[in-house]
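**Q** Below you'll find the structure I mean.
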């Protein structure tokens, strides 16, 4: 097929309004963003989410009493909220994972998390293959996983490495150093460098990824983000009066940490990354990369089963419209 040539119009036609047409339709429909938080109890997961969206959206599912027993398994808790900013409506599914990493034996503590992520892919695929497919498919696929690293100042725990390697295969992972104000600036810089080296050593493939069609601006932006990962963050829903004005902050042994001050922590960089530059890309990457890998494996498996059944003279497997897909086939 020949490359079409560019033609100059003699008069105004009006198809340039397609962008505003799309914009009106998208605003009318609203948007959806599904965020998972993974980290041990006391990491400040709920507080960071509430700080990110400047609203109380999540209650802590962790242990409120230090004498309370630890959970024996990793649980999954989903909170759904709708937030509005100007004319834009955003439906949030906030997925907490209480119990993760809290046991004495954390062997396979990641399995409920991986299963949940794959189950959402499976559910979406069932709807997609349904002969009476919905006009707008309900999307519960996890778009972003915030992975909380304890501010030890040393290195990643073996369990962190094991879980990160598995998570990055199925979801966009963004690591953060929780409660980073417990470290000095020098300790924080050294800790971040140590963790980055471990990411490379263990071949942990973190978001963002450079796509084949990324332009120079996107590539440079992604490179700048990678230089910040893992984000050293502090969350706070409390207002503290400093110099006569309220700020979102935390009081620590060195003074007051202003959450929104780039010199104090990297919360602002994380918020800008998640909300202002990469929100749509997180959603699209989930669909075009992680979900597409899952979909390909599932449909290839069904095709092989169908081919084998034909050769054996058995009835071919039915493409599912009900919970018939099994996530166990996805590796």
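Cβ from N, Cα, C; glycine included.
The following feature annotations were taken from Swiss-Prot:
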- 39-46, 73, 99, 179-187, 235, 250: GTP binding site (BINDING)
- 29-301: domain 'Septin-type G' (DOMAIN)
- 39-46: region 'G1 motif' (REGION)
- 96-99: region 'G3 motif' (REGION)
- 178-181: region 'G4 motif' (REGION)
- 311-331: region 'Disordered' (REGION)
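What's the neighbourhood like for each of these?
**A** Just so you know, the Cβ of residue 187 (GTP binding site) picks up 15 other Cβ atoms within 10 Å once every protein chain is counted. The DSSP secondary structure for residue 187 (GTP binding site) is helix.
Computed over the region 'G1 motif' (39-46), the whole-number mean pLDDT of the model equals 93.
For the region 'G3 motif' (96-99), the number of residues in each DSSP class (helix H, G, I; strand E, B; coil) is 0 helix, 1 strand, 3 coil.
A Cβ distance under 8 Å defines the sequence-distant neighbours of the region 'G4 motif' (178-181), meaning residues of its chain 6+ beyond its ends; these are 39, 43-45, 48, 148-151, 188, 232-234, 250, 252, 254, 257, 264-266.
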**Q** What are the DSSP helix/strand/coil residue counts across the region 'G4 motif' (178-181)?
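**A** Going by DSSP assignments, the region 'G4 motif' (178-181) contains 2 helix, 0 strand, 2 coil.
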**Q** Among the binding-site residues 39, 42, 99, whose Cβ has the fewest other Cβ atoms within 10 Å?
**A** 42
**Q** In the same chain, who gets a Cβ under 8 Å from the region 'G1 motif' (39-46) while lying at least 6 residues past its ends?
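**A** That would be 58-63, 70, 96-102, 146-150, 178-179, 235.
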**Q** For residue 184 (GTP binding site), what is the tally of other C-beta atoms lying within 10 angstroms of its C-beta?
**A** 11
**Q** What number of additional C-beta atoms lies within 10 angstroms of the C-beta atom of residue 45 (GTP binding site)?
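**A** Taking all protein chains shown, residue 45 (GTP binding site) has 28 Cβ neighbours within 10 Å.
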**Q** I want to verify one value. Collapsing DSSP to three states, which class is residue 42 (GTP binding site)?
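**A** Note: residue 42 (GTP binding site) is coil by DSSP, not helix or strand.
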